[in-house]
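A.B. asks: The feature transmembrane segment is assigned by TrEMBL to A:21-45, A:171-203, A:224-254, A:274-297. Per TrEMBL, domain 'FtsX extracellular' is recorded for A:56-161. Here TrEMBL flags A:185-302 as domain 'ABC3 transporter permease C-terminal'.
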Amino acid sequence: MRFAFVLGEIASGMRRNLVMVVSVVLVTFISLTFVGAAGLLQLQIDQMKGYWYDRVQVAVFLCVENSTSESCASGPVTDEQRTAIEAKLKSPELSAYVDTVQYESQDQALVHFREQLANSPIVEAVTAEQLPESFRVGLVDPEKYEVISEAFSSQPGVDIVSDQREYLEEIFGYINIASLVALGIAVVMSVGAILLIATTIRLSAFSRRRETGIMRLVGASKAIIQLPFVLEGVIAAILGAAIASGTLWAVLRYGGQWLSREYPQMGFISTQELLLVVPALFLLGALLAGASSLLTLRRYLKV
Amino acid sequence: MLPSPTPARALAVLRGRRIAMIRFEHVTKVYDQKSKPALDGVSLDVDRGEFLFLVGASGSGKSTFIRLVLKEDRATRGAVYVAGQNVANIPSWRVPKLRRGIGVVFQDFRLLPNKSVFANVAFAMQVIGKSRAVIRETVPEVLKTVGLEGKNNRMPHELSGGEQQRVAIARAIVNKPGILLADEPTGNLDPTTSMGIMKVLDRINQNGTTVVMATHDDDIVNTMRKRVVELRDGSVVRDDAQGIYIGTTTAAAG
């Protein structure tokens, strides 16, 4: 009976206050979408770290015809230099840091280059001679890049030592900024949502002051009087969270599909990751609405 | 249900002594420090089953009296007891329980305009969690008590003022409170209709409910010949056992 009664009260309250309820739904939808986007971007970073840190290598590029660095002053790398470099990479001093060493010839470099830039017209113009041969060094601890860099940067025949992790860090930096921006928008929108929920509840309490006055007089408990208002806000917020989740799903499903077709090696997050984000969105929406309506009721609905 | 709130009350019951349904002990209520108190040292006992008229001009403190009984306000000084319990000691979460034991009727009826007669009365039971079956059984019974049988499905705007007040009374007593407070219940009604309302209130009183009615209506007070307490500027100036509206200045104990 009580349950049915509270449901009935909620329904009638939401009907009377439909425009406000719709605006609460929309505002929470937008704010939670940005919260979710920020969360998903962080998950994307984690995913890429997990995927790439195992694969990133330090590349020791060897001198070619047109290298400009000092150690290449004597022209393209010679066979002795190459052998010395390889021996040094496999030496016992470095074995604590070096996990794997792989040689990439100029022809192999061209193949990789063509793979990576498949759609670019540059590919046709590049020949194997223009690309440097290299040693791809997998590190035991990717953070210890400095060791290799110091050991080889002045080695004859070595052009440059480059850490692929740097490129990744740069990408992560951009994603982080995007995620911070999303979070910033989310915070502003959430404040808007809280204020709007508070106003809605206030209006709702005002339009039903007759009912609540009578409920008070006949001795209805505080919970029964306040619950319909709180749930009204919570339901609206949960609707917003549902729409936000749907939007994020659609973005991941279709946007992610497109991205992973375009950049197959990037390791994009899939709709699986929503399983982590969606419950958080619902919880956050319900908390926002519940807290702001309880605070409002304390001021505007005497019990 | 919790056990008796105070040992004193339990003792009083054991001794078979009458306990006052409502007891005011030197109650003063000040709303605003600069102005006169709304109630000024009022002491008053209303016994179980009594019918009391609270008379006096507007601003004499009648409504404050009612608000204090309901614990809508807190007495500035003194103590208010309802059914033997000092309302100041009732924690806020128990106030609803106090109010379930008190029915209230107002001059302006305060019905819910979008609910039928039946639904208006049922509302008072729904919000305290009574079952549908109990509501279906009780509401028609109470509507009959107030003389509204057969009008279950009318809407408030289809009723006369007197009928609307009967609905309000039905709503106030449907949960069988021990006390019925009526704040000028006939203030908006013509004399004939008012007498009808008084008959209803009298019948409720006959069934054992303590009735306190604040009123201006001298005709009613003079006809009913019940206990009359007159307030003036927040003080009790008269307490007659079977009083009339403007009595002699001698105050007799109830």
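Note that Cβ sites are derived from N, Cα and C of the backbone, with glycine treated the same way.
Automatic, uncurated: that is what TrEMBL annotation is.
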A.B. asks: Using a Cβ-Cβ cut-off of under 8 Å, list the residues of the same chain that are 6+ residues beyond the ends of the transmembrane segment (A:21-45) and lie near it.
C.D. replies: 14, 172, 175-176, 178-180, 182-183, 185-186, 189-190, 192-193, 196-197, 200, 232-233, 236-237, 239-241, 243-245, 247-248, 252, 268-269, 273-274, 276-278, 280-281, 284-285, 288-289
A.B. asks: Based on DSSP, tally up the residues of the domain 'ABC3 transporter permease C-terminal' (A:185-302) by helix, strand and coil.
C.D. replies: 103 helix, 0 strand, 15 coil
A.B. asks: Take the domain 'ABC3 transporter permease C-terminal' (A:185-302) and average the pLDDT across it for me.
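C.D. replies: Taking every residue of the domain 'ABC3 transporter permease C-terminal' (A:185-302) together, the mean pLDDT is 88.
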